[in-house]
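J.: Please read through the structure below; I'll follow up with questions.
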Amino acid sequence: MHMHTFRVSVLFGILSLLIEGCRGHFASSHHARRVGFLLPVTAQSREPTRLTRLSASDSDVNGEASPDCYCDSETYKRLSAYFTDEEKLVDEQSFGPLKNAFLRKKESGDGFIPLCFNLAALSAVPEVFHANFLSRGEDHWSTLLQIRKLYLEKIAKEEALSRLSSRRSELAKAFHTSPEADQASLRESSLALRDETKTTESRIKELNEQLDTLIHTLPNIILEDVPETELIVEKISTDPIPSATGDVVPHHEVIERFSDPCVSRSTKISGTGFSAYSGDISRLERALFNYMLDTHHKLFGYKELSVPFVVNASTLRGTGHLPRFEEDLFKLDERHQCNGDRGYLIPTGEIPLLALFGNSRVPVDKLPLWLMTYTPCFRSEIQDYGRETRGLIRNHQFGKVELICLCDSSGSDHFHNLMLSHIEYILGSLALPYRRVLLPANQLGSTSSKTVDFEVYFPSLKKYIEVSSCSNTLDFQSNRLNLFSTSRSRIHCINGSGVAIGRTLSAILENHQSLDANGRLEITVPQVLKPYLDGDQKLTEPLP
């Protein structure tokens, strides 16, 4: 058989089975918030993805093409210029009828966007992913073509392995019913098939490892409503901004004046980027995270989990934080292995919180899951931000309430907006002047498809500083973590800070400060925090 004809045959016979992972949207209720029971999946028992064959409406193989047929669109004509003439011929003949199943038309304007982030989609529409990645300022074209090449070989090898298995079963049956004179020949054939099976299995393992390495170098796709280069201020709160004059005491000075002298030694015992404080400042910090946890649980239905503060490298790869952020992580030395792997301090509670659900199947009727945790976070990077490096704005260690929503793929935009409203409620209840901004493509984290930041005003700096970042990652993380629903439908992951404790504490110290009759600093306690501070109305600077 001619090699090209064979490849086309393989593609139509097998790649047409690659749709289930990108389709199947199931309705879900946001009132279903309990974690329920998870069905564990081991690597040995994981079933290979078996995807439904394209229908005429999916691929337009039969009948008239739909108005949204990708291959007939101006978008495909433009993006197909990425291919060489030979690559374009293969793309049209081998993948053309399959492409529509991996794409959806953008709601506004021209263009298409991938339905999912997995090897099947990357192989079917690499040109669409490439155009999307370019909006981040990243070129991954050669990687995408390499993924397609290896994935096609993997599919062919898996089909060959299936045929070998069938042939070995046939020989085994024939051996027991054949005359003794024929058994030697059958035994020889069986041994040859066994050796060929081992060789094929070994190659499939190599291909899986190579594909895993390549896919982990790619960022997430970007949603169509994300601006390209300029952030969009979506909302500014009505809380008054204090007069940004020299009378405003910076938060790091407030902490020094309220705390015991010993806290100044924190840099001596840990170095720069680590802070200590005491007295009412510590009480206020504890009040903040208790209030946030209580509010997210009682008002919005989040389930609280306590998680490890150390994770292994494979966990960080699963959530998309390795290999890209290797230099920003605190590593444990080689003596401290985590399940046989290198250990790291967590940079965010998102990582262990998500990873606890890896290799699982969530019952459909339990979606969405609203989860939260409070953890210290550790990040090694601190650039030179001038005055921002003083105090609690940019530290190696900081506390944060992390929010997670696991939801059906059909509702992630809705649940992203819900989480944004939860974060906004916290900031509004603390009477802090804030703004809500939609980040542009060139500022998105690699795991995010869309990110909205909340920034609080710091009068001492005369600027807004981020206290929360809330992102929709679609199925980018869930696919890596092997996390699906029991119906095999895709799960989308949404994460957000609910919120960063140190920066929020600092904002309160600057925005709610005043002087008493004796010239001592006072911090007016936000109404919602008073029950957590024994009803105190104000926190007053201690006497010398």
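Any Cβ shown, glycine's included, is placed from N, Cα and C.
Given the structure is predicted, the values throughout are model-derived calculations rather than measurements.
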J.: Pick from 175-194, 395-414, 475-494, 495-514: which stretch is listed in TrEMBL under region 'Disordered'?
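T.: Of 175-194, 395-414, 475-494, 495-514, TrEMBL gives region 'Disordered' for 175-194.
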J.: With a Cβ cut-off under 8 Å, give me the same-chain residues at least six positions beyond the ends of the region 'Disordered' (175-194) that come close to it.
T.: 164, 167-168
J.: Mean pLDDT across the domain 'Aminoacyl-transfer RNA synthetases class-II family profile' (282-531), rounded to an integer, is what?
T.: 94
